[in-house]
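Copied over from TrEMBL:
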BINDING   Gly39, Val42, Asn46, Ser285, Asn317, Leu382, Asp385, Ser386  Na(+) binding site
DISULFID  Cys144-Cys153  disulfide bond
Amino acid sequence: TVKMHGAVPSSQDGELGSECPEDRGNWTGRLDFLLSCIGYCVGLGNVWRFPYRAYTNGGGAFLVPYFIMLAICGIPIFFMELSLGQFSSLGPLAVWKISPLFKGVGMGTILIVSLVAIYYNMIIAYVLFYLFASLTSDLPWQHCGNWWNTELCLDHHVLRAGNSSLPINISNTVSPSEEYWSRYVLHIQGSSGIGDPGRIRWNLCLCLLLSWTIVYLCILKGVKSSGKVVYFTATFPYLILVMLLIRGVTLEGAWKGIQFYLTPQFDHLLSSKVWIEAALQIFYSLGVGFGGLLTFASYNTFHQNIYRDTFIVTLGNAITSILAGFAIFSVLGYMSQELGVPVNQVAKAGPGLAFVVYPQAMTMLPLSPFWSFLFFFMLLTLGLDSQFAFMETIVTAVTDEFPYYLRPKKASFSAVICIALFLMGLILTTEGGMYWLVLLDDYSAGFGLMVVVITTCLVVTRVYGKRFCRDIHMMLGFKPGSYFRACWMVLSPATMMALLVYNIVKYQPSEYGNYQFPTWAEALGILMGVLSCLMIPLGMVVAVLQEEGTLWERVQQASRPAMGWGPALEENRSGAYVASLAGSQSPKPLMVHMRKYGGITSYENTAIEVDREMEEEEEEESMI
């Protein structure tokens, strides 16, 4: 009878199915996690932000602060976020069982990610628009003389054919590709500013609908489906990038562009701006703090080697950015030679590069629709897998909060979120939509994100403290070295504090071209940033109200890890985490493990060590 009795609780567990995260799902293939992370980190920013940033901040010399910042606040925070996710198998909201007082950080993250997801998909919609427009024998932004062109339009083909001895004043003319973008695609002349969005552009609206549909179909089954899609979307951009690179470098004048991109100007390194730019680039390019990394790691098995993965992804991301710079600047060099203007007049960043300058360069190539299609297809695959991550983060965060109700209905819940975000994004498809997009882009993930990451960093190292290193030891079999500890404790938070202060001191109002945003729009933008920060004190108030005792006792209570905190599966729980799992009856999961698999594996050795260490620590404490 005793034997029977012992077997009962565990079988109950299986039937309940909520206690064990079996139904949460895991990655199915070995490379799913790695490719998802690469796909998430390598996004549009690598193509349209990095090359321009490098060129404006000292060319090749920019790589020095870039790699230093990667080492100080890129790699350590990346590793921290992966460790938190993998250790707890929880999404970015539920992971705050680690210190319930700070659950507001998770809410702030979700708010930021939702805002970013709204406008990021609009950029994918523009890419789709251009993708379809490239399916012609003649690119529509090649010539002037269409209904959307003005008399300022100047076609470079005409320049080449005409007598070049005539001095033509290029300064106040507009390229056909620029008019195609602003007057045809955006139809921005229909809006007088951000307060007057005008009518919805139906073709953009359909493109946005299509991009949301694609995203929904890919995250339909959670990581089981998106984990397979990334095999294509994470690798294919590299293939296209290499093709564009080879095509670019073989053009005449390419070296002119590459010289602009890489000539080191070391005097730049003395200005603080360059270091700040490098840190910002690392920060946004790795997608730290958006919860995407945490979400992906939470679907890993407990002993997955995330230490190795951290270095693969972060260094891969850096190399991709540098490669993309060659592909972009070689084409810009060719273009500057064709137009007879210096490279710095054609170089641009952001949407201006992707939708105006590069398409214009494409029209100068033989087989232009083919290269144009390739370029936009690359942007599409780059953007999509970052968008999967944003969506997966939102869905996982909320379903992990309410696993009973939502986990079985994950597909329909994903649909609800996609539809809601699509409807919110409709304002971006209007004639004045670009103004809204710029506003979202400038403010949604600005200082709010910094505050979130700084708080996370400080809570994990100061409030949770030594236990974090012990958890990593339990998971990976070794303790993080002094380099990681120094970065977590001091260097990373300090660097990000500097970023935050710099952002506030050097604050410049948003603008789009010559258009200055009105004060109310700016206030709205700042409110977006402040709102995600305000979630933190709000969460504290809620957490404190749930505890009992005096205020200080409540705060102390709420900052300690919750009861259910720890590895999700019972066999991975050792030391302090034994029997803290809801419904866990077994005295020592370690013994269960030995019965199941026979013998002691290296990880269990670690578990025994960790137990011994903790006992010693407890003895020391009691002696004191």
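Note that Cβ sites are derived from N, Cα and C of the backbone, with glycine treated the same way.
Automated prediction, rather than curation, is the source of TrEMBL annotations.
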Please list, in sequence order, every residue of the chain apart from Gly39, Val42, Asn46, Ser285, Asn317, Leu382, Asp385, Ser386 whose Cβ lies within 8 Å of the Cβ centroid of the Na(+) site.
Ile38, Tyr40, Cys41, Gly43, Leu44, Gly45, Ala234, Pro237, Gly287, Thr320
What are the non-local neighbours of Asn317 (Na(+) binding site), defined as same-chain residues 6+ apart in sequence with CB under 8 A from its CB?
Ile38, Cys41, Val42, Asn46, Ser285, Leu286
Could you tell me the C-alpha distance between Ser386 (Na(+) binding site) and Cys144 (disulfide bond) in angstrom, no decimals?
36
Report the same-chain neighbours of Leu382 (Na(+) binding site): residues 6+ apart in sequence with Cβ closer than 8 Å to its Cβ, ordered by sequence.
Val42, Gly43, Leu44, Asn46, Val47, Thr233, Pro237
Validating a neighbour-count step here. Other CB atoms within 10 A of the CB of Ser285 (Na(+) binding site): how many?
24
In sequence order, what residues of the same chain, 6+ apart, have a Cβ less than 8 Å from the Cβ of Gly39 (Na(+) binding site)?
Val230, Thr233, Ala234, Asp385, Ser386, Phe388, Ala389
Tally every other Cβ atom lying within 10 Å of the Cβ atom of Cys153 (disulfide bond).
19
